[in-house]
Structure formats: C-alpha cells, structure tokens
Amino acid sequence: MKVYYDKDADLSLIKGKKVTIVGYGSQGHAHAQNLNDSGVKVTVAVRKGGASWDKAKAAGLKVEEIAKAVKTADLVMILLPDENIPQVYKEEVEPNIKKGATLAFAHGFNVHYNQVVPREDLDVIMVAPKGPGHTVRSEYLRGGGVPSLIAVYQDKSGKAKDIALSYAAANGGTKGGVIETNFKEETETDLFGEQAVLCGGAVELVKMGFETLTEAGYAPEMAYFECLHELKLIVDLMYEGGIANMNYSISNNAEYGEYVTGPEVINAQSREAMRNALKRIQTGEYAKMFIQEGKTNYPSMTARRRLNAEHPIEQVGGQLRDMMPWIKAKALVDKSKN
C-alpha cells in the first residue's frame with residue numbers, strides 16, 4: 001500500500017482555488033483553520049447568527065451563508081453531521097455549486113448509501129483525517145499532521161486525485177501520511193470500527209467491567225480506576241507500538257491474565273456479533289436504521305444518552321477527575337471554542 005507524503009503533493013493546486021468549508025464543528029474548524037494557515041483562500045459557510053458563525057469570525061476567518069459561499073467556490077468541502085448533509089446538499093449546494101467544481105467529503109456515508117447523488121459534471125473526492133478535529137488542529141499547530149485517507153468517486157477533470165492530495169497536504173495530512181482508498185471501503189470499515197470496537201465495543205466493555213466489580217461489593221472508585229482510567233495507559237502503549245509493545249510494557253501477571261481471560265470475555269459469540277454488525281453495514285440495513293432514527297428526531301439515541309449520563313461510572317468519574325487537574329489542563333475538547 002502506497003503512502004503519500006509532502007513530496008507527493010502539489011500544494012499550489014489547492015492554493016490556487018477558492019475553498020468553501022460547509023460547517024464549523026469538530027472537523028470544520030480544524031480544516032478551515034489549517035487550510036487558512038497554509039495559505040489557501042478559505043470561506044466558512046454556516047447559518048448566519050448561529051454559534052458557529054461567531055466562532056469562525058472570532059478565529060479571523062471569512063464567513064458567509066452557505067448558498068453564497070458555494071457559488072464562488074472551486075472546491076466545496078461538506079463537514080456537517082452525516083444526517084444533515086442530504087438536505088443541505090439538495091437545497092443549498094447542488095443548485096449553486098459551479099460546473100466542473102470539486103465536491104469533497106470527509107466521510108463516504110451519504111455518497112455510498114445514495115443519500116447524496118452528485119452531479120455528473122463535478123469531481124467528487126474524500127479527504128478523511130483519521131482523528132477527531134481537535135487532534136487534526138493540534139497536530140497541525142505542532143508542525144505535524146494526522147494520517148489521512150483520500151478517495152475519488154468521480155474524476156471529471158482527470159485531476160481529482162491530485163486535488164485530494166493537495167487538500168490533504170494543506171490540512172497537514174501528508175505530514176502524517178496519506179493512504180488512498182474508496183468510498184465503500186472507508187464507509188464500511190469506519191462504521192464497523194466505531195460500532196464494534198472504538199465506541200460501541202469499548203464503552204460496553206468498560207461499563208460491564210465497572211458493574212461487575214461494584215455488584216460484587218468493590219468500591220466504585222476502585223472499579224473506575226481499573227476499568228476506565230487505566231484504559232488510556234494501555235491504549236497509549238498499543239497506539240505507540242502495537243499490541244506486542246503493550247505486552248512488553250506490562251507485568252507478566254497482567255500479560256498472563258490477558259491470555260487466560262481475554263478469549264473468555266471476547267469469544268466466538270463476540271466474533272459472530274461482530275460479523276452480524278458488519279453485515280448490517282454492508283447491506284445498508286444500519287444506514288436505514290440511522291436515517292429512520294433521524295427522521296423521528298432520535299428517540300432511541302436521546303434515551304441512551306440520558307441513561308449513559310446517569311450511569312454511576314459518570315458520577316464517580318467526575319469526582320475522581322476533579323482530583324486530577326492535569327487532565328482538564330490537557331483536555332482536547334473546549335466546548336467554548338469548538
């Protein structure tokens with residue numbers, strides 16, 4: 001698999017274009033500020049009078065309403081929540097985007113599942129940093145970059161891949177390395193990772209571990225430290241050098257326990273559940289579920305958010321984190337700024 005770096009990208013391509021970033025959330029604020037700092041002519045497109053409008057203005061960026069900003073753009077990057085993109089594309093982007101312009105996304109969901117059907121005269125690309133927007137921005141400011149994916153869905157100009165690489169470079173991606181994929185692969189693997197491992201799997205594993213200890217009479221504080229707080233220490237070791245690096249760094253007792261108990265907890269039944277999750281993603285069943293959830297104003301998700309917020313692990317966690325001010329000092333998320 002080829003990895004692209006700074007030397008493989010022509011930054012002048014994106015610097016010669018007017019770029020409109022639709023949205024100023026987690027990814028939007030990072031892309032807009034990074035491209036602006038790289039010398040790209042950037043306009044942020046958001047609803048006038050909203051919090052995002054004020055935040056983008058405060059960051060020194062040019063801000064316009066969506067339809068107006070799209071009309072003058074050579075490249076339009078849509079960085080809105082997946083559920084909001086189809087309507088915004090249909091009502092404000094498609095009628096206004098110039099013929100022969102480039103339409104860009106950071107996730108393939110809507111194109112892959114036909115919620116957005118791009119006009120045939122457009123280049124359609126994806127530039128997807130493999131990290132949250134706050135990290136995309138902080139790594140750029142540090143002089144580095146978050147590894148990114150690029151993909152081409154439509155190549156009307158014959159230069160879509162070069163444009164994607166140039167955009168990725170301006171966003172810092174070619175500092176970390178850029179890998180080419182396609183919309184199908186990015187969408188399906190991204191959803192699977194989120195659902196089975198990173199969010200769904202990890203959250204349920206942590207909560208179940210916490211509940212098992214507290215139900216057996218152990219102090220909630222001890223359960224929090226052992227099942228949530230220390231997870232970062234282990235994940236950082238794996239992130240740094242893989243599973244073998246983590247095992248090299250932990251005690252023999254911890255490593256032996258991993259081999260004895262790990263396969264009992266995450267077992268053949270877990271593998272079958274993962275395969276079922278992947279099948280839902282591949283067939284489009286999950287996409288239909290998510291789209292329908294949005295159409296009914298997210299009743300299931302709202303209920304689950306409330307239950308999670310009320311879980312004892314949240315209560316004890318807040319108290320313990322207050323004892324560790326260095327965590328807040330290094331926080332990735334500042335809700336007042338992004």
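For all residues, glycine too, the Cβ spot is worked out from N, Cα and C.
Taken from Swiss-Prot, the feature active site applies to HIS107. Long-range C-beta contacts of HIS107 (active site), restricted to its own chain and to partners at least six residues apart, with a cutoff below 8 Å, comprise ASP82, MET126, ALA128, GLU186, THR187, ASP190. Secondary structure from DSSP puts HIS107 (active site) in coil.
Taking the Cβ of ARG47 (NADP(+) binding site) as centre and 10 Å as the limit, one finds 11 other Cβ atoms among all the protein chains shown. Mapped onto three states, the DSSP output places ARG47 (NADP(+) binding site) in coil. Taken from Swiss-Prot, the feature NADP(+) binding site applies to TYR24, GLY25, SER26, GLN27, ARG47, SER52, GLY133, supported by sequence analysis.
Under the heading Mg(2+) 2 binding site, Swiss-Prot lists ASP190, GLU226, GLU230, citing sequence analysis as support. Neighbour count (other Cβ atoms within 10 Å of the Cβ, all protein chains): 19 for ASP190 (Mg(2+) 2 binding site).
Taken from Swiss-Prot, the feature Mg(2+) 1 binding site applies to ASP190, GLU194. In this structure, ASP190 (Mg(2+) 2 binding site) is part of a helix by DSSP.
What Swiss-Prot records for SER251 is substrate binding site. Under the three-state DSSP scheme, SER251 (substrate binding site) falls in the coil class. Packing around SER251 (substrate binding site) is summarised by its Cβ count: 8 other Cβ atoms lie within 10 angstroms of its Cβ, all protein chains included.
Taken from Swiss-Prot, the feature domain 'KARI N-terminal Rossmann' covers 1-181, and the record attributes it to sequence analysis.
As annotated by Swiss-Prot, domain 'KARI C-terminal knotted' applies to 182-327.
Contacts of GLU194 (Mg(2+) 1 binding site) defined by a Cβ separation under 8 A and a same-chain sequence distance of 6+ are given as GLY200, in order along the sequence. When the neighbouring Cβ atoms lying within 10 Å are counted for each of the binding-site residues (SER26, GLN27, SER52), the highest count belongs to GLN27. Comparing the binding-site residues GLU226, GLU230 on other C-beta atoms within 10 angstroms of each C-beta gives the minimum for GLU230.
For the binding-site residues GLY25, GLY133, counting C-beta atoms within 10 A of each C-beta gives the highest total at GLY133. According to DSSP, GLY25 (NADP(+) binding site) is assigned to coil rather than to any helix or strand.
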